[in-house]
Amino acid sequence: MALVPCQVLRVAILLSYCSILCNYKAIEMPSHKTYGGSWKFLTFIDLVIQAVFFGICVLTDLSSLLTRGNGNQEQERQLKKLISLRDWMLAVLAFPVGVFVVAVFWIIYAYDREMIYPKLLDNFIPGWLNHGMHTTVLPFILIEMRTSHHAYPSRNSGLAAICTFSVGYILWVCWVHHVTGMWVYPFLEHIGPGARIIFFGSTTILMNFLYLLGEVLNSYIWDTQRSMEEEKEKPKLE
């Protein structure tokens, strides 16, 4: 038996994301007042994705609790739709985008923080909030993947969806540059047009790889757990 029920964990994670978003939006930074506001940053978009995803998880848990044993077929159909939406969101957005934000941010930060998170931002964003945006996303999504099985969509439709998101965000970043004359991320100012094309192409490929990684990890976790449960059942059957 789990030390903390997964339903309680989801509520706690949802509340933490709401707190992070509220604290982030309360910060008066110059970049928040320019074209695109917070929505030009993938970190902020990811926080919204994670909050919406865990909101759906909590709603699914509540719906499951309310429909348990009442035999209402319409409510059961609605619950199945919620579960399908929850699973689709984890597969296509919450896992690949969340892992991408954590991995790319800290890799570039370790190389040269001024390229992704200038030291000037320390005057606006406290350390705990930075980790809330760029670190805890990974353990939270892994906890969710470990505590609940998620049915992935067909590989082709899943990859098409994550490609659409990736290309859409790249076009948004380019549009912001077109309007303002400045790139959203400082390091894009220091590389040439060819290098930017390679970088944008590489990020799309990485997003696709992370989608596949999530699919494999989800299968591994639950195939392993199923095998362990079958091993436990064997002595009872003999």
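Here the Cβ of each residue, glycine as well, is placed from N, Cα and C on the backbone.
Marked as transmembrane segment by TrEMBL: 42-67 (among others).
What TrEMBL records for 88-108 (among others) is transmembrane segment.
The transmembrane segment feature in TrEMBL is assigned to 128-145 (among others).
The transmembrane segment annotation in TrEMBL covers 157-178 (among others).
If one looks beyond the transmembrane segment (198-222) by at least 6 residues along the same chain, the residues whose Cβ comes under 8 Å of a Cβ in the stretch are 90-92, 95-97, 99-100, 104, 145-146, 149-150, 152, 155, 158-159, 162-163, 165-167, 170, 188, 191. If you look up TrEMBL, you'll see 198-222 (among others) marked as transmembrane segment.
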What same-chain residues lie close to the transmembrane segment (128-145): Cβ under 8 Å, and 6 or more beyond its ends? 9-10, 13, 16, 19-20, 23-24, 43, 46-47, 50, 54, 57, 90, 94-95, 98-99, 101-102, 105-106, 117, 214, 217-218, 221
